[in-house]
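Right, one structure below, let's go through it.
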Amino acid sequence: MEVEKKIRGLREELQQHNYNYYVLDKPQISDYEFDIKLKELQELEEKYPEFEDDNSPTRRVGGAVTKNFETVVHENRMYSLSNSYSKEELEEWEARLKKIVEGKIQYVCELKYDGASISLTYENGILKRAVTRGDGFQGDDVTNNIKTIRSVPLKLKDEFPHKFDIRGEIVLPYEGFAKMNAERVEMGEEPYANPRNTASGSLKLQDSAEVARRPLECLLYSITGENTGVASQFEGLEKARKWGFKVPAESELKDSIEEVLHYINYWDEHRHDLPYETDGVVVKVNNFHQQEELGHTAKSPRWAIAYKFKAEQESTKLNKITYQVGRTGAITPVANLDAVQLAGTVVRRASLHNADQIEKLDVREGDTVFVEKGGEIIPKIVGVDFTKRDPDSNPTQYATNCPECDSELIRKDGEAQHYCPNVNGCPPQIIGRIQHYISRKAMDIEGLGGETVALLVNADLIESYADLYKLQKEEVLPLERMAEKSAENLINGIERSKEIPFERVLFALGIRYVGETVAKKLAKHFKSIEALMAASEEELVNIDEIGERIAWSVVEFFNIEANRENVERLKEYGIQLEISAEKLANQTNILEGNTFVISGVFEKVSRNDLKKMIEDNGGKLSSSISSKTNYLVAGDNMGPSKLAKAEKLGTSIISEEDFLKMLE
């Protein structure tokens, strides 16, 4: 009975982890830990077949299907893969293959990208449907969202089968992920946890326009269907490339397991050179006839196996949980650790994200914790070694008061973060807002850095960004590391900031969710701070690309008396709080409805001036050519890839002079 109890317990635990991973997109353990538990259950079920259960996690591919989209049954089931973690396990797999098939076996090695699996159906060269993996038997129809991903061809090239499915992975490159998080932090939002969950969550967004704004990519790796004219896995990859799919160039054909192991070892060392997150290598029998002979188990194909890289994870002691306050008042718990080497860096601190995460992991001070570093900005704690826990330890009580000003924290319905409401009295919020105000993309005050701002606040010389404009040289001279010349530079830099245009001043105010792009849009629409302050949520929502959240935040900001007072003071000090008459005279809607891409070096005007001209005259700017691009403004030494793509898509290619004539 003890064995039956153990089996039942493992099944329940794995089913819960499946639910967390596939339904909630909130895994509580690493893939490696999950696979170890699954393997333990498989071995027990094989040893004690009397406890067999058709609903065991060992017989299923994954979790339940999300119900937000239409559920679609896969014509060809999407199996999961068996996992391996050692050379010996790969050699055992090969031995099993050779017992079933005769003749030489070739292998295709493919990097295992960590994203969201997708199945695309094409008929007569046209994308008809895109379905998530779901539970392997059925998934969610996310066609509209997938169509926004530019690496997914809507119409194929060359000669292709009448109908087929092609499987792939939706991934978020590190660079794009970092950019998304930088924008979120800039707007006072919590950064996304990692590329995989962000990619997966993107597919389930209701608004396809939001998906289009995310730099997702689709990497394809497997053709399936009848009468495809493809005889092997590697041939399928080559044909898919010809048809217009993005197929990773790192995939290689190998003649032996020894060559496969060389491939695995190479990429285990070089995976951080790739633009995407990878967690292993998939090894497949190349020949489709041999694949057919080998067949499938109830859970996975016998002809393929995944070799999982060991997670870059270490255990260390959590000494103390402290709390940081951001410029918007958001509270972030931080784990202070014994120093540990991880992914080439020394880690002493790790994110705990929020109160829910602490409760979910049951993290306590004094615990030995597992720290992991993947695509995250900073390392994170993924688990606790409960075998090493002090029996007298107490559960973590999340902070109830601000660590800086002792104000009672608040937590709004539906939000993960706690906030300090003491907007105008909490030092980190004051310092953070002023540091944002002086930053390069905002007021760009020369001679004034983040450390100096902290010194000024701590010396009670300033309490808001408006206070900067009343500073005198004599007041700042006594500050640490402040000499006569640097004090002069600081005061002069503050004075010059009075020339910064309205849209940058609006961004500098630090309104939550109002980044550079939104600030430009609001400035252009309202033309003055008075008009913006008088706007209602309804009026704001009617502006293109301004949603309810931004509208609420803008109105809320100007409802606060201290913010209105700061704006009045800025006006008195001569800050640009409206679009200048000269700029208004230069603005038109001549280019409205047109999207431009700029490439190369120009003679008469700089690239920045060109961009400004486009925006001032109602046009839109893009960094890359797409079917929505109307004009490519071509200068000397322009990128050949942009030129080729523009020619291919039939985009109008114009010179600097052609563009300037459009404004006449």
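All positions are counted from 1 along the displayed chain.
Cβ coordinates are placed from backbone N, Cα and C, and glycine is handled just like the others.
Over all protein chains present, the Cβ of K112 (active site, N6-AMP-lysine intermediate) has 20 other Cβ atoms lying within 10 Å. Summarising the annotation, Swiss-Prot assigns active site, N6-AMP-lysine intermediate to K112 and lists sequence analysis as the type of evidence.
A sphere of 10 angstroms centred on the C-beta of D31 (NAD(+) binding site) encloses 17 other C-beta atoms. DSSP assigns D31 (NAD(+) binding site) to a helical segment in the three-state reduction. Positions annotated as NAD(+) binding site by Swiss-Prot: D31, Y32, E33, F34, D35, S80, L81, E110, R133, E169, K284, K308.
What Swiss-Prot records for C402, C405, C420, C426 is Zn(2+) binding site, and it gives sequence analysis as the kind of evidence. Taken residue by residue with DSSP, C426 (Zn(2+) binding site) is part of neither helix nor strand, so it is coil. Counting only same-chain residues at least 6 apart in sequence, those with a Cβ under 8 Å from the Cβ of C426 (Zn(2+) binding site) are V325, G329, C402, E404, C405, S407, C420.
Annotation comment: Swiss-Prot describes 237-257 as domain 'BRCT 1', evidence class sequence analysis. With a threshold of 8 Å between CB atoms, the same-chain residues lying at least 6 positions outside the domain 'BRCT 1' (237-257) that come near it are 90-91, 94, 104, 106-111, 113, 125, 151, 153, 155-158, 160, 166, 168, 217-221, 223, 230, 263, 267, 274, 286.
The feature domain 'BRCT 2' is assigned by Swiss-Prot to 586-664. Along the domain 'BRCT 2' (586-664), the predicted structure has mean pLDDT 84.
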- Those residues of the chain, 6+ apart, with a Cβ under 8 Å from that of L81 (NAD(+) binding site): V282, S300, P301, A304, I305, A306
- Query: Three states by DSSP: which one describes K112 (active site, N6-AMP-lysine intermediate)?
  - Reply: strand
- Task: For K284 (NAD(+) binding site) and K112 (active site, N6-AMP-lysine intermediate), determine the Cα separation and express it in whole Å.
- Result: 12
- Note on the structure: The answer, for which of the binding-site residues C402, C405, C420 has its Cβ ringed by the most other Cβ atoms inside 10 Å, is C420
- Counting only residues outside C402, C405, C420, C426 in the same chain, those with C-beta within 8 angstroms of the Zn(2+) site's C-beta centroid are V325, G329, P403, E404, D406, S407, P421, N422, G425, P427, P428, Q429
- Task: Return the residues near D35 (NAD(+) binding site), defined as same-chain residues 6+ apart in sequence whose C-beta is under 8 angstroms from its C-beta, sorted by sequence, else 'none'.
- Result: N83, Y85, K308
- Message: I'd like to confirm something. Which of the binding-site residues, D31, E33, R133, has a Cα closest to the Cα of K112 (active site, N6-AMP-lysine intermediate)?
- Response: D31
